[in-house]
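The structure appears right after this line, and notes come after that.
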Amino acid sequence: MDLASLRAQQIELASSVCREDRLDKDPPAFIGGADVGFEQGGEVTRAAMVLLKYPSLELVEYKVARIATTMPYIPGFLSFREYPALLAAWEQLSQKPDLLFVDGHGISHPRRLGVASHFGLLVDVPTIGVAKKRLCGKFEPLSTEPGALSPLMDKGEQLAWVWRSKARCNPLFIATGHRVSTDSALAWVQRCMKGYRLPEPTRWADAVASGRPAFVRWQEIQR
């Protein structure tokens, strides 16, 4: 595994990330959610992609792709491991979203290329990274109240917003993926909340990927 080459690719790709608002359709008609997991001890990469109507946030389509994992887990290089399955699920969608939430980091990455940014560049779609853990940077401790907010900073640069979306829950790290500004990324996540820790697009992607009760109930209603 030539990590020096992958690192150079990350730096080059990161320079192409658009950190400004460049939505083709604003407000979007459809917002997507993406989540990646691994099965069979990491041998299989599973990506779930969902499509929600906006502003109702109603689930209208989902696709799950499973492919052989092509790369081991190496911190800081996760997007190279995850994007092939994401691309396979994306290509199955009959309708592509105008904005995509990705479970993972955007520019809040040591080389400014988390999976939300990498995938956004690959398919040239506006993306937002919604991560559950910090990868780099520092932030001031948040109060315990829902709505508590702090910028994630690294070397004098804001990489994300750290936002407590729900009481007694760990905060989310919300960042530009591609073609969405940092402030707009936060605003879009806030518009897509329905009382859970996660915004609806990534909550549904996780539900589909893991076969959670909410998704099972949705399937039963569709029958």
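Backbone N, Cα and C atoms are what each Cβ position is placed from, and that goes for glycine too.
Annotation comment: Swiss-Prot describes Asp35, Asp103 as Mg(2+) binding site, evidence class sequence analysis. Here Swiss-Prot flags Tyr73 as site 'Interaction with target DNA'.
Asp103 (Mg(2+) binding site) carries a strand DSSP state (E or B). The two recorded residues, Asp35 (Mg(2+) binding site) and Tyr73 (site 'Interaction with target DNA'), have Cα atoms 16 Å apart. In the shown protein chains, 29 other C-beta atoms lie within 10 A of the C-beta of Asp35 (Mg(2+) binding site). Annotation note: Asp35 (Mg(2+) binding site) sits in a strand segment as assigned by DSSP.
Of the listed recorded positions, namely Tyr73, Asp103, the sparsest Cβ surroundings within 10 Å are found at Tyr73. Here the C-alpha separation of Tyr73 (site 'Interaction with target DNA') and Asp103 (Mg(2+) binding site) works out to 17 Å.
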